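Q: Here's the feature list from TrEMBL:
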DOMAIN    2-126  domain 'MSP'
REPEAT    160-192  repeat 'ANK'
REPEAT    258-290  repeat 'ANK'
REPEAT    291-323  repeat 'ANK'
REPEAT    345-377  repeat 'ANK'
REPEAT    378-410  repeat 'ANK'
REPEAT    411-443  repeat 'ANK'
Amino acid sequence: MDRLVKPDVKEVELSFKSGQKCSGVFRLTNLMHTMSVAVSLTTTNPTLFSFSQPFSVIPPLSSLSYTLFSQPLDQPPLCSTHHHDVITVRSAMLPTGKAHPDDFRRLFSFPGCHVFMDAAITISFVGPRVVEFLIAHYAKMGPKLSSSLGKAISGCSESQLTKSLKLAIESENPDLVSALIDAGAEVNSKDSDGGSLLGSAVKAGSVDMVRVLIASGCRADNSADRVLHDAAAMNRVDLIEILCKSSGNLELNSADSDGRTPVHIAAARGHVEALRFLLSAGGSGEIRDSKGWTPLHHSSAAGHYDVVECLLERSNAKYVVDRDGKTAFALAAENGHTELLAPLRLNDALHRAARLGDVNRVKSCLAEGATVNGRDQNGWTPLHRAAFKGGIECARVLLNHGAQVDAVDEAGYTPLHCAVEAGHAPVAMLLIAHGARPGTKNASVKGGGLPRNLDRFKNHPALVVKPFCHEKERV
């Protein structure tokens, strides 16, 4: 026979509570049919643990219950450098069936064949306070964390596990999150503000945790969560991409309490990477917030040049006025962002359309109120650009809307100069038909005011004769 008694458990669990004694109960059964057995209980940490009965007598084929106590502690006695504490169960035959305390001490004071080592019972602390401690100290726990956590969560209810899950998310440890979810934590629980756990993971900035939660069925709540807003505020394109691809219930253009969408947030913070992704995924750059500001208003007021350029390319908000009647241009000017004034000029879209030969866009710009003779930083009007690029249809639309045919830029060039310089005879003829004067010049034009490349137009007397007739005027 290798042992005299048998425990009913391999591990005694103590539900830990800060500042209170903890206790756990186990039973020992005498395996002897005819003889009583003396039992001695000790632990590897006698200063922390004690027993209701450190010495006892168990009658034949009978069982006794024992209570293990721990001293009050402020935090669980867990350390990565120590093994779990254990209860050592020793026994000896007791033919008389009785013994005094001194008899027990003498009986178990010296090892020998009469003393049996019956069991080593592990001592574990369990409960939500232990889980919280492990979450807070997971970096120090090392390999022991997994086993300790597995034991600790066994003493937690679903609500306690769910509360601990929120702490695990904040700790940015996906292994802890997975373990708690597997143990029964509710992934779609809400915080006091109605926000989801997915929102907490996004705020923590952990891609791995967001993946774990989404894979476990966690969903954002559009009525309370602002996960895309939070990701945009951090310029986290990786988080935005995961949320857009994996959480199908999210609305890209959802607004916060101030009416701002994720695009507004990215624009206001100057996060051009997040902005580009949101716009490419279907976010709008033209929605107004509670102040009437579009994302372009926000970026212009803050002086974010790259964001302004992106929004000018991807939205039509340049002409939008806020509740105070201000455009993005006005806000940039008010805040001293002079570098933004050129791209934000209200007629810049018209210039761009004229340069590209986009007739429909030229028409829409004019219909929206763009100034047909508005000038860029070099003094060029849209007609200068259309003439230089050979856009005859754009030039015709501009002229029909009152474009000044002989407008002079800062270098003294007219649209006709530009057309001739670039070799666009049809445009030059159109300009002359609308009253352009080939001899018009400005003293600041290099060479006296006549364009180069006149030899290209020898077959167009209207373009060549008059300028040469005025050669005498050149100094």
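Note that Cβ sites are derived from N, Cα and C of the backbone, with glycine treated the same way.
Can you walk me through where each of these features ends up in the structure?
A: Averaged over the domain 'MSP' (2-126), the predicted model has a pLDDT of 90.
Sequence-remote contacts of a segment are chain residues at least 6 beyond its ends whose Cβ falls under 8 Å from one of its Cβ atoms, and for the repeat 'ANK' (160-192) they are 127-128, 131-132, 134-136, 138, 145-146, 149-150, 153, 200-201, 204-206, 208-209, 211-213, 216-219, 221, 224.
If you look at the repeat 'ANK' (258-290), the same-chain residues 6 or more away from its ends with a CB under 8 A from one of its CBs are 228-229, 231-233, 235-237, 240-241, 244, 252, 296, 298-299, 302, 304, 306-307, 310-311, 314-317, 320, 322.
Sequence-distant contacts of the repeat 'ANK' (291-323), counting only residues of its own chain at least 6 positions beyond either end whose CB sits under 8 Å from a CB of the stretch, comprise 258-259, 261, 263-264, 266-268, 270-272, 275-276, 279, 284-285, 329, 331-332, 334-337, 339-340, 343-344, 346, 348-349, 368-370.
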Q: For the repeat 'ANK' (378-410), could you work out the same-chain residues 6 or more beyond its ends whose Cβ comes under 8 Å from its Cβ atoms?
A: 347, 350-351, 353-359, 362-363, 366, 372, 416, 418-419, 421-422, 424, 426-428, 430-431, 434-437, 440, 442, 444
